[in-house]
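Heads up: the structure comes next, in structure tokens.
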2 protein chains.
Amino acid sequence: MPLIVQKYGGSSVADVERIKNVARRVVDAKDHGNDLVVVVSAMAGDTDRLLGLAAKISDAPNERELDVIVATGEQISIGLLSLAIQQLGHKARSFTGAQVRIQTDTAHTKARIVSVEVDRAQQALQEGAIVIVAGFQGVTAEEDVTTLGRGGSDLTAVAMAAALKADVCEIYTDVEGVYTADPNIVPEARKLEKISYDEMLELASLGAKVLQARSVEYAKNYTVPVHVRSSFNANQGTLVVQEDAEMERVVVSGIAYDRNEAKITVLRVADRPGIAAKLFGRVAEANIVVDMIVQNISQDGTTDISFTVPKSDFSKAMSLVNGVAKEIGAQQVMGDDRIAKVSIVGVGMRTHSGVAAQMFETLSRENINILMISTSEIKVSCVIDAKYGELAVRILHEAFGLAERRVVEEYA
Amino acid sequence: MPLIVQKYGGSSVADVERIKNVARRVVDAKDHGNDLVVVVSAMAGDTDRLLGLAAKISDAPNERELDVIVATGEQISIGLLSLAIQQLGHKARSFTGAQVRIQTDTAHTKARIVSVEVDRAQQALQEGAIVIVAGFQGVTAEEDVTTLGRGGSDLTAVAMAAALKADVCEIYTDVEGVYTADPNIVPEARKLEKISYDEMLELASLGAKVLQARSVEYAKNYTVPVHVRSSFNANQGTLVVQEDAEMERVVVSGIAYDRNEAKITVLRVADRPGIAAKLFGRVAEANIVVDMIVQNISQDGTTDISFTVPKSDFSKAMSLVNGVAKEIGAQQVMGDDRIAKVSIVGVGMRTHSGVAAQMFETLSRENINILMISTSEIKVSCVIDAKYGELAVRILHEAFGLAERRVVEEYA
């Protein structure tokens, strides 16, 4: 019997009526002859409510205890969904992360999965039950409750699918799948039938919030086919799968767009070993995540370093970097939080040249100045003035012909 | 270092402010040189909220899943209390029933404790931490979450105290201790300094809701000294301990009063084997708990059987008994839900005679008619007309001299 792992997020189980809807959907899949493992998040709002209670007691709550508190959200969801499925006349059995069992390291609030045991889940499946698993949570070797970080329920679903060798891991969301660009910006954006793990990883890390990045990595490592689809209808969504020859012939699969970063430039830094380490060491100590880093070639023994940080950390980062700049004898620090990052992503870039050039040319045709460039094997990102962000997404979508499903040979 | 187990109920942890109060109280005991294990219930209202969610999905929810849902209430409390204690600069570590570990049978929603392991709690104590334990919950050998029934947190506290050989188990409540009678009825009622397990058991089962009856049994079996005291002040409450010679010299320790029963009488039942079994078998099948049963001597080969049931089950019981009465050829069924049960309790009765007689005489002096009588070794209960209930409690309190702490010799 085919085995499907389904994952429903907090908004899909936000209240009793929606939980009943999920139950009907699950039972429908079961009635079509599948074994079912269902991973659920906490009811929307519950996690924030619990965090709020903890925040009333402590500004910096102990993370072990925070996990104990927050993990109750998913535990409530699994019980309620099991009841709703049983009410429809099917067998269902709930499991917490500790029960199922998802063992993690001890990094509370952002634990990493160490191993997944599925004996109990498999036994329940053999008895004909639908297995309901609490997302987002695990347990240490010492039986302490852990959580996997925001979006961790995706990871739970993929990890269960990997351990059970499921035929597919279905992630139900409030969008129809993965698009060539944000349909709110590009009306012609097309839903992708399939996309490779690497492309999805780039899109996830570039701000397309359909799938948590770690869950995509995990799916890639265990070759779990992931189906991103809507919880509001039965339409096919987007399959995230291993790269194949056909995918490689598509040069650009999608355009990502991120308005949540700010740029900091340190001017005329002495170009000698240890300077960059000192600068970024300090930024890291302050728990500020740096995304792009660009350093130009040295002139007169000095160089300019530019990097981006989350907009929410911009002012904190600016005052920090101003301090470090003095220590390392830099001339000046400049900041800009009105920027946008536009990226083209596609595994086809590995085997096609001229893609970056076409991107730059497309932007320049509209007189859009490029402030920073960063590339990976399958991605080119440009930081530009925020006011041109949406225009850039639209013209790149057009230039790379993404509205049409087509295989581009011209770069070969 | 002395070891104290403290238990706080749902109203003591109803909100963040009260949780902080409990934390201060716990830390104060710790600062006085004690090791501390603290058992907490769910925040007041939380359990009902969770049961309400389940009830919206199913009229008869699966009890395994119900336990999964309801157990989250205590899990939230232990995390929050740990945070509050840590905020006061002390080490604290929370444990669910499964973690600590309280192993039970599989009777979900009313599980019985099979064994208590305390290795993890002991280790945490040795590390100087205050141990916080989720009340009301346990875990089966199969790792399924169970709950111990309403009032189960008392049982958790006593079981932890027994397993850890604690010096005392303090149960914090909204009353000052155990009184000779309900102070709302008898203004002169006196707080008892100490009371025996057996007396407490009779009082608990007779409706004095200070301590859950099963926890008293457990305390008796393991000789755990239980201190019932107020969570609002530091006054000494009542110690529930093993019977001693001094206690035996007190004939009556307290008066219990119960207005929540109704009486059913089956008239002129054939007096032959199997009739009572049939009648009460049917009542038990309907999950109606029968308290007192009185059967008079046979006349003309028939007898009358009277018994009491909870008032909430009265109409259900009446229609059921009417049916059975026809089958067994009884003449008539009479019901009365305007009754009260007044009981005198005291271990001294074991060795003193004439106590029941003095009770009957006291009631008759006020022309209070006795409808049913039932006795145990250390208790005499009388069912009377409801309208005389409070009067009966007052005159019995007076007659047995309970307002004064005194040892009565006159019955010897």
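Including glycine, each Cβ sits where the backbone N, Cα and C put it.
TrEMBL labels come from automatic prediction, so no person has curated them.
The structure displayed is predicted, hence computed values, not measured ones.
Spatially close to A:V210 (ATP binding site) yet at least six residues away along the chain are A:I171, A:T173, A:V175, A:G177, A:V178, A:L203, A:A204, A:V228, judged by Cβ distances under 8 angstroms. According to TrEMBL, the feature ATP binding site maps to A:K7, A:Y8, A:G9, A:G10, A:T173, A:D174, A:Y179, A:K209, A:V210.
Residues or ranges marked as substrate binding site in TrEMBL: A:T47, A:E74. According to DSSP, A:T47 (substrate binding site) sits within a helical segment.
On the 0 to 100 pLDDT scale, the domain 'ACT' (A:264-347) averages 89 in the predicted structure. TrEMBL lists A:264-347 with the feature domain 'ACT'.
DSSP assigns A:E74 (substrate binding site) to a helix. Annotation note: A:Y179 (ATP binding site) sits in a strand segment as assigned by DSSP. A:K7 (ATP binding site) counts 30 other C-beta atoms within 10 Å of its own C-beta, drawing on all protein chains shown.
Neighbour count (other Cβ atoms within 10 Å of the Cβ, all protein chains): 21 for A:T47 (substrate binding site). DSSP places the residues of the domain 'ACT' (A:264-347) in helix, strand and coil in these numbers: 29 helix, 32 strand, 23 coil. Sequence-distant contacts (6 or more apart, same chain, Cβ under 8 Å) of A:E74 (substrate binding site) comprise A:V40, A:S41, A:A42, A:T96, A:G97, A:A134, A:G135, A:F136, A:Q137, A:S153.
Sequence-distant contacts of A:G9 (ATP binding site), defined by Cβ-Cβ distance under 8 angstroms and a gap of at least six in the same chain, are A:S41, A:S153, A:Y172, A:T173, A:D174, A:S231.
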